[in-house]
Amino acid sequence: MFNEKDQLAVDTLRALSIDTIEKANSGHPGLPMGAAPMAYTLWTRHLNFNPQSKDYFNRDRFVLSAGHGSALLYSLLHVSGSLELEELKQFRQWGSKTPGHPEYRHTDGVEVTTGPLGQGFAMSVGLALAEDHLAGKFNKEGYNVVDHYTYVLASDGDLMEGISHEAASFAGHNKLSKLVVLYDSNDISLDGELNKAFSENTKARFEAYGWNYLLVKDGNDLEEIDKAITTAKSQEGPTIIEVKTTIGFGSPNKAGTNGVHGAPLGEVERKLTFENYGLDPEKRFNVSEEVYEIFQNTMLKRANEDESQWNSLLEKYAETYPELAEEFKLAISGKLPKNYKDELPRFELGHNGASRADSGTVIQAISKTVPSFFGGSADLAGSNKSNVNDATDYSSETPEGKNVWFGVREFAMGAAVNGMAAHGGLHPYGATFFVFSDYLKPALRLSSIMGLNATFIFTHDSIAVGEDGPTHEPIEQLAGLRAIPNMNVIRPADGNETRVAWEVALESESTPTSLVLTRQNLPVLDVPEDVVEEGVRKGAYTVYGSEETPEFLLLASGSEVSLAVEAAKDLEKQGKSVRVVSMPNWNAFEQQSEEYKESVIPSSVTKRVAIEMASPLGWHKYVGTAGKVIAIDGFGASAPGDLVVEKYGFTKENILNQVMSL
């Protein structure tokens, strides 16, 4: 039963959120004031999260998908002992632990970075997917070593975003029973009344996806909220609980209006609101000891007991299933097996394969040595070569399966991969055509902001796609991805560069990787293995030509590298000194020492030509004012791939002409 102390705690969370925003003179008080009861009920009665043991693997995950309500999350983290009160006073200030929207790895207790609406919801599907897969893989009768929930607090805006439709469809199809969404249904959006833009039947929508739907008519009724969460945890399939709330609850002049969504209440309205709560408006950032004690005696006590029981269970599990236990411990550590490279292929001279196919070969090898390797494609596995051969598909019936069928849901796939990476225990990946990377670009950006070990496979990387035409031929995508900070964008030139690219992807603990791969075949370059290994890791290196300072530099990535080598050989026949540089990863190259960069691209050599079947954006930094860029300023065309490539000037003859014109 709930009592007056519980109501005091709820109102304290509201007041803390208000004061946090007032001091910053910036923020969104409406959601915290309306949603505090459901958050309080969840945290004190259900959530297994221990601020004193934040890395406890079997903890429940809480995601504030409506990231603009961050003041509520920070207030919860404070009263539960995870965040100092001083940090609330520094909300949205330089160097604080309380940024405007929650940030993963910045504030303890934040599971994923949220703010762009819909993505938190979709990443939560990834969190629940990770739990389901790991449970299916490691749990044995009497030993549920993976057994936790993912709880989401979502807003109207989250459910309007297209990604929520993709993610909800996927979650329902896969019966992710450990996913519970609390929907803060307050009928107000930033611009005004919600019914001006949003009138769908939430119950019908989610039941059509295969979700359970529950309704709490009064968002201040702690008992009803508690009952709904309890019911949700006992049902098969994901559950959404629509909780009807009043935005800005307690504010006499702003409650129920968009005026309280994204602006401080102001001093006068704050005073009136505190009086409505029965709190002293003269006291700021005030938390009574009895509120702290509530969290100590409920949430923290429960979490400590849960972790203690889990540790004991894990010890017994290790005795009964020693090999599985070792694999589990390695998985949750995030580390790779020491022998993970043992099965990786070496591609010999004379091998001629598309980098997507060579990547597929690498994937088969990784799956044998990295048990935590898990992912799939957005309905293009046959083209992306991304499935693990002879492996079981992931499904609600076979959650231990390795191949995920994401369906044509690119954005949700990207967010789900991020969620899986943030969850831990997996090295996740997702795959689609490169031109469709635009569909999941915001997820790539969040992956980079969070610094996740996530891999994105993008195949069919250029106009060489051919017949499908300009809608399916990437042009501006490469420059767009390279512009994302903290993103490894690797476009390998052959099978061996592809192998090392995968090594980089798996080993990059705080940088996501985009692998950009060809449809067409590429010859293996005549470069020693150790040179390829070091060169790809450093982002650029010499693959052909003069070790001395050359007269000409040919710079390229991916499929154009072998073309540059052909041109270089002809130039050498004409007595010219040429060096060909493969530049698979600009991000890595820019992190190298000036000495290394100078050794690869000598500043004294001004006669430079860059060759890439994509937008020229970015290449001028490397070719300089005296150099030239053979690239594409328009869109592609529909015709056989070889003909399209020729028509756009990616021929040995054109390269020679451009070089000789310098």
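Residue 1 is the first one shown; counting continues down the chain.
Each Cβ is built from the backbone N, Cα and C atoms, and glycine gets one as well.
The Cβ neighbour count for His28 (site 'Important for catalytic activity'), using a 10 Å radius over every protein chain in view, is 26. The site 'Important for catalytic activity' annotation in Swiss-Prot covers His28 (among others), and the record cites similarity to another entry as its basis.
Proximity of His261 (substrate binding site) to non-local residues of its own chain (separation of 6 or more, Cβ distance below 8 Å) is seen for His28, Gly30, Leu31, Ile188, Ser189, Leu190, Ile247, Gly248, given in sequence order. DSSP gives His261 (substrate binding site) a coil state; it is part of no helix or strand. The annotation substrate binding site is assigned in Swiss-Prot to His28, His261, Arg356, Ser383, His460, Asp468, Arg519 on the grounds of similarity to another entry.
The annotation thiamine diphosphate binding site is assigned in Swiss-Prot to His68, Gly115, Pro116, Leu117, Gly157, Asn186, His261, Phe436.
As annotated by Swiss-Prot, Mg(2+) binding site applies to Asp156, Asn186, Ile188. Following the DSSP three-state reduction, the secondary structure of Ile188 (Mg(2+) binding site) is strand. Counted within 10 Å of its Cβ, the other Cβ atoms near Ile188 (Mg(2+) binding site) come to 26, all protein chains included.
Swiss-Prot lists His261 (among others) with the feature site 'Important for catalytic activity', giving similarity to another entry as the kind of evidence.
As annotated by Swiss-Prot, active site, proton donor applies to Glu410. Glu410 (active site, proton donor) carries a helical DSSP state (H, G or I). Annotation for Glu410 (active site, proton donor): same-chain Cβ neighbours under 8 Å, separated by at least 6 residues, are Ala378, Thr432, Phe436, Tyr439, Leu440.
For Ser383 (substrate binding site), the same-chain residues 6+ apart in sequence whose C-beta sits under 8 angstroms from its C-beta are Arg356, Phe433, Thr459, His460, Arg519. Between the alpha carbons (Cα) of Asn186 (thiamine diphosphate binding site) and Asp468 (substrate binding site) lies a span of roughly 46 Å. A Cα-Cα distance of 9 Å separates Asp156 (Mg(2+) binding site) from Leu117 (thiamine diphosphate binding site).
The Cβ neighbour count for Asp156 (Mg(2+) binding site), using a 10 Å radius over every protein chain in view, is 21. Here the CA atom of Pro116 (thiamine diphosphate binding site) lies 33 Å from the CA atom of Asp468 (substrate binding site).
Sequence-distant neighbours of Gly115 (thiamine diphosphate binding site) (same chain, 6+ residues apart, CB-CB distance under 8 A): Gly67, His68, Gly100, His101, Pro102. With a 10 A radius on its CB, His460 (substrate binding site) counts 26 other CB atoms from all the protein chains.
Close to Leu117 (thiamine diphosphate binding site) in the fold, though at least 6 residues off in sequence, lie Ser65, Ala66, Gly67, Ser155, Gly157, Asp158, Met160, Glu161, each with a CB less than 8 Å from its CB. Take His28, His261, Arg356, Ser383, His460, Asp468, Arg519, the residues named in the record as contacts for substrate: the widest Cα to Cα gap among them comes to 49 Å.
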